[in-house]
Amino acid sequence: MASLPSFEDQGKLKEEIATVEEFTLDGTVDYHGRPAVRSKSGSWVAGIIILLNQGLATLAFFGVGVNLVLFLTRVLQQSNVDAANNVSKWTGTVYIFSLVGAFLSDSYWGRYKTCAIFQIIFVIGLVSLSLSSYLFLIRPKGCGDEHTPCGSHSKTEISLFYLSIYLTALGNGGYQPNIATFGADQFDEEDQKEGHYKVAFFSYFYLALNLGSLFSNTILGFFEDEGMWALGFWVSAGSAIAALLLFLAGTPRYRHFKPSGNPLTRVCQVVVSAAKKWRVRVPSGGEGLFEDNEKQNPNNGCRKILHTNGFKFLDKAAYISSRDSSDKEQGMINPWRLCPITQVEEVKCILKLMPIWLCTIIYSVVFTQMASLFVEQGAAMKTTISNFHIPPASMSSFDILSVALFIFLYRRVLDPFVGKLKKSSSKGLTELQRMGVGLIIAVMAMVSAGIVECYRLKYAQADCTHCEGSSSLSIFWQVPQYALIGASEVFMYVGQLEFFNAQAPDGLKSFGSALCMTSISLGNYVSSLLVTMVMKISTEDDMPGWIPGNLNKGHLDRFYFLLAALTVIDFVIYVACAKWYKCIKLEDKYEQNEELESFKV
């Protein structure tokens, strides 16, 4: 019978166990590339720094974006349609750049370096915008308010303006998807307690984003509406600088995932390998497919993904032919002929996410109206209380307040209540269910906006020259549509962030967050295309169209009802895609059975 260890040996054993337990289990490292110590890195200390950084950066971004449509109409003298389209294109470009940031982050730079570099570009764009506005565009001084239009500008001045706002778009776009994923990296998914913190982080992240924009939509919105555009832009630049310095100050506390190499190469290798073996018949259960013996990739710590039955053609890339067996024995595996099953499953994950992602684009079309047509609609309503003028763009504050309220209600009331009703190990609504609820609320928001527009037209002066404030209907009738958009964001966008982050492979986490951003991007482009098509069709036979320069002669309500109908169709397609979806299967992930259950519709 073996003797028991001495007290001294037991003490050493406990010290060794404690030392092992100090390190994270998900493969994260510290700034120097050493395994991350749990007590000295990440968790809420780093998470709160990132939340504050996000709030300040959002304040800076929306200090430009929230009133950009009014800047284009009042300072650059663009029409309502041109301004709305230009804002949609600019906002869309912001989120297109998110793909650039995600690619560089996942492939080469890592999330920390990518966030730092793009924040520097963001600061440069805002400083350039502030200087160009102050020196060239706000002429005569004090112009750009509701009553004093600005003069004409040279092509060079306008080019400098567009260069500045698109530098801002590049900086913010490349930074946004990576900061969300980088924040999630601070919580060890393999630890049950930190895993729950990670889910909560996404809600607080979206709350920080909205609280950061609250100052922009109220205080900055007021000053910019009064013509103090340069002041508003300088405040935005200062906020971006503060966000950058705060981010850099947290460097010693951050946890990092090493970049996993070019994902495009890995995808191409799977497709080429499968195509070369197109005649091969793979066993139905996936037995005998090639897989590395290591639990994790030694270079980047990415976890293995278990085999799934979907997209069976791609399994041919992992089929071991006689030639592959010979190469394997010699230790000369050709990655363009034989790919491990984890690499094949990465491609499958991307393909499975695409239908869900496509269904979110119509929602983003609805969401983008808040920054364009909602503002123009509000400007044509009664915007005064006594002698106080309410900037139309500041009405989006009700969207932000709605987001804050519904995040609280969801996490503290609805989520526990649904969990009790379901009587299962999973808590509350699943991510896919929440996204579906977001689509339904978006339909309600568009119907509400259409009804308000019907009544605005009823009390409007059709023959006005300057139609701002031409309707006697109070701008506060817009509150329901803004509040409904805010409620839908909590279900749709927070659900999206959680869903794409959880379902993206370890080597493509930033890409998962970029999908959320790109959905908003394409939503803006689709919105611009839709407005153009509607105007072309509705202006035939010398009609003013649905969205003319004088909204009192148009039918903006019909456009809102059109968006509501399109969202209903999108919801039906989304439900079918969500029922079809099968979640990712990671090896040895804690509570794997619970996660599989949590993605059922």
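In case you wondered, yes, glycine gets a Cβ from its N, Cα and C as well.
Model, not experiment: these values are computed from the prediction.
Feature list (source: TrEMBL):
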type: TRANSMEM; residues: 44-72; note: transmembrane segment
type: TRANSMEM; residues: 93-110; note: transmembrane segment
type: TRANSMEM; residues: 116-137; note: transmembrane segment
type: TRANSMEM; residues: 201-223; note: transmembrane segment
type: TRANSMEM; residues: 229-249; note: transmembrane segment
type: TRANSMEM; residues: 356-375; note: transmembrane segment
type: TRANSMEM; residues: 395-414; note: transmembrane segment
type: TRANSMEM; residues: 435-452; note: transmembrane segment
type: TRANSMEM; residues: 514-539; note: transmembrane segment
type: TRANSMEM; residues: 559-581; note: transmembrane segment
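Beyond the ends of the transmembrane segment (514-539), by six or more residues, the same chain brings 81, 84-85, 88-89, 91-96, 98-99, 101-102, 173, 176-177, 180, 353, 357, 360-369, 372, 493, 496-497, 500, 504, 545-547, 555, 559, 562 to within a C-beta distance below 8 angstroms of the stretch. Here the listed stretches are 116-137, 356-375, 435-452, and the one with the most C-beta pairs under 8 angstroms to the transmembrane segment (559-581) is 435-452.
Of the Cβ pairs linking the transmembrane segment (229-249) with the transmembrane segment (395-414) and spaced 6 or more residues apart, fewer than 3 are under 8 Å, so the two regions do not touch. Nonlocal intrachain contacts for the transmembrane segment (116-137), taken as residues 6+ away from its ends with a CB within less than 8 angstroms of a stretch CB, comprise 57, 60-61, 64, 75-76, 101, 109, 150, 153, 157, 160-161, 163-175, 178, 229-230, 233-234, 236-237, 240-241, 243-244, 247-248.
Counted over residue pairs 6 or more apart, the CB atoms of the transmembrane segment (201-223) and the transmembrane segment (435-452) come under 8 Å in fewer than three pairs, which marks the two as apart.
Tertiary proximity for the transmembrane segment (395-414) is limited to same-chain residues at least six positions away from its ends with a CB under 8 Å from its CB atoms, namely 66, 200, 203-204, 206-207, 210-211, 213-214, 217-218, 370-371, 374-375, 378, 428-429, 475, 478-479, 482-487, 489-491, 494.
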